[in-house]
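K.L.:
Features from Swiss-Prot:
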type     : residues                                                                            : note
BINDING  : Arg91, Ser92, Gly93, Gly105, Val106, Ile107, Asp108, Gly116, Arg159, Phe164, Gly165 : substrate binding site
COMPBIAS : 1-10                                                                                : compositional bias 'Polar residues'
REGION   : 1-25                                                                                : region 'Disordered'
Amino acid sequence: MAENQINSPEITEPSPKVQKLDHPENGNVPFFRVKKLSENAVLPSRASSLAAGYDLSSAAETKVPARGKALVPTDLSIAVPQGTYARIAPRSGLAWKYSIDVGAGVIDADYRGPVGVVLFNHSEVDFEVKVGDRIAQLIVQKIVTPEVEQVDDLDSTVRGSGGFGSTGV
């Protein structure tokens, strides 16, 4: 907490009343704010007007070892609108062509630190990431955060407690 106070002149917590993005105030969609932390940082961008995700780019050369993982810096900090979170997802081309996947990709609306991307290499060959390579996509999604209620029993369903594979393979 003390570290946040050093970096920020004023710390503000989000209001408990969350703005609904399907009914934005004054007809405006809230901003997705981005801070570049270095000259190598590339602002997130959408490849087409209907793209769900904003491409994230590497800010440093990184090797993802065969059958291994690496944390690739973007040198960006972000602020997504209240009532949303950002999810880091794989790029389909990297997954299909090079067996590169993304892990651990949830960014909460109150996180202001640097964004890094965990890349997993499922191939037998090292994967080289260059500065500026598009490595993942960031998808801003609405969230629902209901209150937690402890109960003695849950309602019955047809599926019941059937777990992995219980509805077919």
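Even glycines carry a Cβ here, placed using N, Cα and C.
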K.L.:
Kindly assign Val106 (substrate binding site) to one of the three DSSP-derived states: helix, strand or coil.
P.N.:
strand
K.L.:
Can you name the residues of this chain that are 6 or more positions from Val106 (substrate binding site) yet have a C-beta less than 8 Å from its C-beta?
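P.N.:
In sequence order, the residues whose Cβ lies under 8 Å from that of Val106 (substrate binding site) (at least 6 apart) are Tyr85, Ala86, Arg87, Ile88.
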K.L.:
Counting only other Cβ atoms and using a 10 Å cut-off, which of the binding-site residues Gly93, Gly165 scores lowest?
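P.N.:
Ranked by other Cβ atoms within 10 Å, the binding-site residues Gly93, Gly165 bottom out at Gly165.
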K.L.:
Fewest other CB within 10 angstroms, which one of the binding-site residues Arg91, Arg159?
P.N.:
Arg159
K.L.:
Give the maximum pairwise CA distance in Å, whole number, for the residues Arg91, Ser92, Gly93, Gly105, Val106, Ile107, Asp108, Gly116, Arg159, Phe164, Gly165 listed as binding substrate.
P.N.:
39
K.L.:
Including all protein chains shown, what's the count of other C-beta atoms within 10 A of the C-beta of Asp108 (substrate binding site)?
P.N.:
11
